[in-house]
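Beneath this line is the structure, given in structure tokens, with notes to follow.
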């Protein structure tokens, strides 16, 4: 090999002949340039001026390529290591029960063996392992591994923030500028260097069009039957009219991110998909709902200002879930409410302190308020607040998660969901009903980035999805966002692992369900994906009365 490299180093060859030469190399090099953007932080503000955006400043985005420098560490992917991983992954893929029955310790050990971060609860670990197996291709499928900081990272973890992806495919090189120096092989070292000032265009004909709109998996995974991995490294030129890299960095929700998107599906963009504002003379109510994943932590966050949110959205009512407050915290929190929102109603978990919790904060005084379902077996976790207004009932709910190992699945679908459904129908006898909150169910495949990999994950089991349809949709309650946007992918929850939010790999777990009698009065059902501070984002509803 050393002699062969010396021969190439001393011989001037063009890229086409180099492609032929590289067929004899045993190792395949895959190089990609990744864009890493640091999310901006918003400072707390007491200004009374309304703002148009929460994003006040962006740090410079730096493009980093993988280069072999004299002073850099050597990054080597051993063929034996890849084969070992392939065998282990194939074993797990062939027998899914092995994964399902793993303990937390076994899951962490397995993930660390694959160089995948192993943090979080059991369901997080299961999801991470399943996602890794989905993105890993064994046997006849080509295994794409990029080397970064000495770690093996699966293609599934590659950010969509890729300015120019590199693809291996020697069979489809059509035109190469022979005078361009793209590769350098010096004194027995394999070295690939990209020059920003001398970057050239290489035209590529592939079986599958590669677009920056695609997610990382689609970009790096070739067709199993058609495409073969070769040793040529070529750059893909972004076509005009595609989403710019800057947009992907600052507005990742505008990128269509789904493992198996159907024809006609598009990504949700609140800038272009929301209807015109109603005039001031119109009679309407504007409701926001948000799972804050700990209210005290949110209020301390440097990236959040309640005043800014209220000024920007000008909501009438705010519904909160997963406040994680205790009864002793309520009065202190009430003292910190923004002027004008004088009516607030809180319920906390008493069976497990610092857990669950819901609230309704309103500048409209309700006629009455009640807590829970009126069933002792369901009312110890602070999951429901109901406010009665002149023309409707508003229910803020945080539906129980089926939990690790789906240990609460049976309780969820056989007790809680039917009880909540009956409660809503009883209220509906006197007034229309609006149910909002984290309902902990992605109802359809369009509502989750990776449906196939989460069939037995809490929130997307067949049992939960069937229960959602049976107890709510089939009983006359309308999913307002899906009615307004039938073919639109809009997520409301992104796990903290694997950069879910920056890659727009999420779930739609938060809803506004309304009685059929007022469904036509809904002016807008929308998502605010740019609001940070939680693993969920706020959702909104505007109803005309």
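Note that Cβ sites are derived from N, Cα and C of the backbone, with glycine treated the same way.
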- Message: According to TrEMBL, region 'Disordered' applies to one of these ranges: 188-224, 225-261, 262-298. Which one is it?
- Response: 188-224
- argmin Cα dist to residue 510 (site 'Important for catalytic activity') over the recorded positions 398, 438, 440, 536 returns 438
- Least Cβ-packed of the recorded positions 438, 510 (other Cβ atoms within 10 Å) is 510
- Query: Of the recorded positions 438, 440, 536, which one sits closest to residue 398 (active site) when you measure Cα to Cα?
  - Reply: 438
- Query: If you average pLDDT over the domain 'SAP' (99-133), what do you get?
  - Reply: 80
- If you count the other CB atoms within 10 A of the CB of residue 440 (site 'Transition state stabilizer'), including all protein chains displayed, you should get 23
- Expressed to the nearest Å, what is the distance separating residue 536 (site 'Interaction with DNA substrate') and residue 438 (active site, proton donor/acceptor) at their Cα atoms? 9
